[in-house]
Amino acid sequence: MTIHTFKPDLPPPTISIGALGWLRANLFSSWINTLLTLVGLYLLWLIVPPVLEWAIFKADWTGETRADCSREGACWVFIQTRFGQFMYGFYPTELRWRVDAAAWLAIIGAAPLFLRQMPHKLRYGLGYLLVYPLLAYWLLHGGFFGLQTVPTSQWGGLMLTVVIAAVGIAGALPLGILLALGRRSDMPAIRVLCVTFIEFWRGVPLITVLFMSSVMLPLFLPEGMNLDKLLRAMLMVVFFEAAYIAEVVRGGLQAIPKGQYEAAAAMGLGYWRSTLLVILPQALKLVIPGIVNTFIALFKDTSLVIIIGLFDFLNSIKRATADPAWLGMSTEGYVFAALVYWMFCFGMSRYSMRLERKLDTGHKR
Amino acid sequence: MRSIARGTVPRRSPFTDPRIRAWVFQVLAVLAVVAFGWYLFHNTQTNLAHRGITSGFGFLNNAAGFGISQHLIDYSESDTYGRVFWVGLLNTLLVSVIGIVLATIMGFILGVGRLSSNWLIRQLATLYIEIFRNIPPLLLIFFVYFAVISPLPGPRNSLSLWDVVFVNNRGVQMPAPSAVDGFWAFWLALLVALVAVVVLNRWARARRHATGRMFPVFWTSLGLFLAIPWLMTFIAGAPFTWEVPELQRFNIRGGWVVIPELVSIVVALSVYTAAFIGETVRSGIQSVSHGQTEAAASLGLRPGQVLRLVIVPQALRVIVPPLTSQYLNLAKNSSLAAAIGYPDMVSLFAGTVLNQTGQAIETMAITMSVYLAISISISLLMNWYNKRIALIER
Amino acid sequence: MIRVKSTLAVLGAASLLGISGLVQAGATLDAVQKKGFVQCGISDGLPGFSFADAKGNYQGIDVDVCRAVAAAVFGDAGKVKYSPLTAKERFTALQSGEVDVLSRNTTWTSSRDAAMGLNFTGVTYYDGQGFLVNKELGVGSAKELDGATVCIQAGTTTELNLSDYFRSNSLKYTPITYDTSDESAKSLESGRCDVLTSDQSQLYAQRIKLANPDQYVVLPEVISKEPLGPAVRQGDEEWFDIVRWSLFAMLNAEELGITSANVEDMAKSTKNPDVARLLGAEGEYGKDLKLPKDWAVQIVKQVGNYGEIFDRNVGAGSELKIERGLNALWNNGGLQYAPPVR
């Protein structure tokens with residue numbers, strides 16, 4: 001009779017759960033992965049400690065002048081002393097409350113739109129879109145109802161950047177939708193006009209267009225008629241971004257199944273009503289990410305007005321770094337600028353992702 | 001809209017007949033645009049005439065009379081504005097081409113990194129993309145130019161590699177080959193190498209189709225390209241001498257100089273565009289179903305081969321259209337060079353020439369048509385490529 | 001339809017912002033009087049000529065020319081609005097009517113006068129192009145600059161003079177062209193270029209903006225003639241005369257010893273017929289120019305005579321400390337000479 005002998009136990013399987021297991025699966029699964037991990041760690045070690053040291057631990061946070069900077073790390077004093085100029089440009093100091101008021105009004109006024117349980121949201125939103133621009137114009141530019149005029153040449157800093165971006169967005173969206181509809185129109189003449197418009201603006205760099213607005217546009221206008229430099233720049237931004245929006249919206253329009261058009265027609269709706277009530281709501285919902293991406297691009301593009309000498313946020317920082325009293329602060333200035341632009345753009349991109357999830361009614365299966 | 005029109009009951013009244021309305025509408029629109037155009041044209045004519053401004057393209061034949069810091073073709077101050085145009089155009093193309101190549105390489109690395117099985121690499125790639133996508137390219141250009149390159153030491157204290165390559169705040173100076181007698185032999189060698197590579201490629205593809213066996217085409221080609229000219233040099237003697245940069249009174253002279261403006265714009269634009277290309281590549285790769293990877297792996301392909309032979313060719317079909325628009329953006333963003341004084345089309349032609357001649361309309365029209373032409377060419381090229389790689393369905 | 005809409009949008013937006021003003025063709029003076037201020041194109045930051053102080057008030061010779069015009073037209077030197085312009089924008093801004101006067105250290109040349117639709121009204125400052133270098137380089141003369149890297153401002157006459165000078169002396173150079181004077185100054189400081197070239201007055205102005213001004217010297221060579229002056233649009237002689245004579249009034253005032261301090265007394269009690277004619281005590285010379293009788297009094301009282309302006313902005317009374325040199329009056333060995341009021 002044979003005696004059944006147990007074979008020795010196999011070693012336990014390698015850990016696949018817990019911290020060690022995670023490390024093994026995600027960082028050290030093969031020799032090439034291990035190598036990559038080590039290279040990555042080395043990169044981090046190369047970048048992170050010096051950056052932290054420069055930006056935080058060895059930085060100077062308090063002081064008044066350049067002499068207060070030890071220059072071992074970043075000198076944030078520079079940003080602090082110039083902060084007002086970065087935010088408002090040359091807007092008169094005693095009138096800066098008007099900019100603040102406009103900003104707060106924008107935030108408070110828009111807040112109800114983000115509440116889920118808000119009655120008459122659409123009506124309120126439309127009203128807001130009609131009333132707020134006038135109010136903001138009154139506050140920022142003044143000139144009537146007892147507010148002193150602040151000419152646009154004194155606008156500057158982050159405020160100007162936001163104004164250009166906001167006007168750009170508000171103007172480019174409707175114009176872009178119209179262009180997109182025009183491009184999909186049945187009328188050949190309209191189609192050709194829209195395609196020409198869109199392709200022209202998409203084919204040239206914004207900076208040449210801005211140049212054109214600053215050196216050429218005045219020659220096109222009747223003698224003596226003048227548009228404000230800022231207004232001209234904003235117009236160009238609107239046209240430029242509208243062309244991009246148009247292409248995004250066209251994508252949405254193409255994605256609407258033909259049945260929707262036919263159903264709308266069967267209901268007896270005319271072109272405008274079927275477009276406004278049936279097609280656009282669905283199409284726009286589909287392309288929200290694309291639209292927001294265009295807005296992000298627009299926000300970044302506002303920095304180009306520096307080329308025509310407007311004092312936007314980036315330009316006010318650039319000018320400040322040229323101040324002899326604060327030489328050698330380029331890094332601090334541009335890092336601060338990058339941080340601010342980044343916050344705006346990243347914020348918008350996150351919001352669009354949320355919106356996309358919220359509005360997802362399950363068309364994409 | 002036609003479907004809507006067909007759906008509605010046709011009515012007799014000419015005011016409500018959709019076809020007549022469409023015609024009227026179109027005629028009105030065209031008239032309005034023509035009138036608007038004529039209005040602008042008329043204003044411009046009056047303005048130019050009234051203010052005594054010269055017009056026409058005759059200025060292109062006048063001597064320019066100013067210097068340019070970087071020109072790829074021969075240029076001297078006595079050359080014409082017409083030649084300045086070509087200098088500017090070539091400088092713009094140089095930035096665009098180098099930028100596109102660098103951005104594509106970096107973007108593919110980032111896109112693959114985003115999907116790496118290695119957690120750390122994935123996070124690093126994501127971090128990179130999220131940072132650089134959300135910063136204006138102009139800011140990046142300023143940052144590189146004013147905060148990275150400006151603080152470098154001057155030419156007298158340059159950082160040097162073996163006293164041959166110099167890096168300072170006036171750019172990178174490196175030795176340049178200059179041809180001597182017998183340089184044709186070198187060209188011949190290059191030509192031979194090129195022919196050899198083409199033949200090898202054909203042969204390798206035919207063999208792969210016939211037997212399924214792979215041949216290391218890339219490495220062999222590289223070897224051929226290096227070996228044949230080297231061999232020729234060995235036999236016929238060096239066909240060129242190296243011109244080594246030397247420190248003179250003000251500058252390091254001689255050799256090739258890469259000016260810091262070019263470095264800034266290329267670095268900034270490729271870093272920026274790479275973030276977008278990375279995302280494009282990621283979504284392209286993700287669009288290829290996972291079954292493909294598994295099938296390829298079960299055929300015994302190594303991970304690198306899976307990526308190169310199975311995933312990327314299929315992903316390219318999704319990647320190419322958005323990639324095209326990134327290329328277009330990069331080409332258009334190259335105009336930002338004007339902000340740091342790189343002599344590109346915008347700063348040279350729409351800037352200096354416009355100012356010296358005062359002919360805003362002509363110079364701007366030329367500049368814009370050039371960019372339109374560049375945009376259209378890139379679109380056509382990429383469409384052609386897209387068609388070539390498109391799935392041929394039977 | 002979209003084009004129409006956008007046009008309407010343009011017009012609508014323009015009228016909404018209330019910034020567009022319809023001005024009658026040709027009659028700049030009427031338009032200026034109607035809107036109540038002189039729109040003046042100035043430089044975007046050049047100490048001594050036009051720059052904004054910390055509060056955003058503009059100062060400088062170029063600014064004072066505009067103030068003089070406003071004083072002549074309105075009797076109030078404060079009725080000026082300034083448009084800071086880059087070198088690139090300046091001519092179009094004037095051509096298109098965006099500004100009424102371009103007073104932006106602009107060199108008077110034949111092509112600008114004839115082909116660009118401008119008219120220069122006079123010379124506020126006789127200048128010449130020079131070089132600013134770092135002392136460290138040990139350069140004593142521009143002739144030693146062979147092989148140097150030179151920073152210039154784009155679209156200026158300096159760009160052309162520079163290449164002429166180096167070519168005629170068979171010297172080699174590398175030009176680096178920037179849009180603004182700030183950038184070129186910064187590049188000189190960081191060592192991107194060895195030399196900064198510009199009008200000498202600008203070099204002095206830019207030198208004081210550097211962190212360490214004593215480290216830099218202006219070389220002795222002056223390689224060009226740069227008569228700087230205000231310009232107006234072609235085709236409006238009336239306005240041309242006003243701007244021209246506002247400048248001449250300041251020069252004549254200095255020549256006749258009229259200053260901002262004594263101008264009112266002189267206007268009342270002068271026996272000198274030249275002074276009496278200039279200050280409106282005798283004759284109707286203001287009326288000929290379509291200006292009030294006391295136009296010159298207002299200019300001198302509120303802005304000063306030419307000597308005072310020079311002194312205050314660029315001369316001994318300023319940080320720049322530039323000598324009068326060519327800009328002394330003709331009877332002091334300079335070139336400044338104004339035709340008489342008669």
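Sequential numbering from 1, following the chain as shown.
Glycine is no exception: its Cβ is also placed from the backbone N, Cα and C atoms.
Look at TrEMBL and you will find B:89-382 tagged as domain 'ABC transmembrane type-1'.
If you look up TrEMBL, you'll see B:20-41 (among others) marked as transmembrane segment.
Among the features that TrEMBL reports, transmembrane segment is placed at B:84-110 (among others).
The annotation transmembrane segment is assigned in TrEMBL to B:131-152 (among others).
Within the chain, the transmembrane segment (B:184-204) has long-range Cβ neighbours (under 8 A, six or more residues past its boundaries) at 215, 217, 220-221, 224-225, 227-229, 231-233, 236, 239-240. The transmembrane segment annotation in TrEMBL covers B:184-204 (among others).
Residues or ranges marked as transmembrane segment by TrEMBL: B:216-236 (among others). Counting residues 6+ beyond its ends, the transmembrane segment (B:216-236) has Cβ neighbours under 8 Å at 182, 185-186, 188-190, 192-193, 196-197, 200-201, 204 in the same chain.
Residues or ranges marked as transmembrane segment by TrEMBL: B:256-277 (among others).
TrEMBL lists B:336-354 (among others) with the feature transmembrane segment.
The transmembrane segment annotation in TrEMBL covers B:366-385 (among others). Here the transmembrane segment (B:366-385) has Cβ contacts under 8 Å with residues 85, 89, 92-93, 96, 320-321, 323-324, 327-328, 331-332, 335, 345-346, 349-350 of the same chain, all six or more residues outside its ends.
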Problem set entry | Contact between the transmembrane segment (B:336-354) and the transmembrane segment (B:20-41) (at least 3 Cβ pairs under 8 Å, separation 6+) | no
For this session: Would you kindly list the residues that approach the transmembrane segment (B:131-152) from elsewhere in its chain, counting only those six or more residues past its ends and only Cβ-Cβ distances under 8 Å?
Result: 159, 167-169, 260-261, 263-265, 267-269, 271-272, 274-276, 279, 333, 336-337, 339-340
Seminar exercise, completed: Near the transmembrane segment (B:84-110) in space but 6 or more residues beyond its ends, with Cβ under 8 Å, are 60, 64, 68, 70-73, 75, 125, 128-129, 262, 265-266, 269-271, 273-278, 280-282, 323, 326-327, 330-331, 334-335, 337, 342-349, 352-353, 366, 370, 374
Exercise. Which residues of the same chain, at least 6 past either end of the transmembrane segment (B:256-277), have a Cβ under 8 Å from a Cβ in it?
Worked result: 69-70, 94-95, 98-100, 102-104, 106-108, 110-111, 128-129, 131-133, 135, 137, 140-141, 143-145, 148-149, 169-176, 245, 323, 326, 329-330, 333-334, 336-337, 340-343
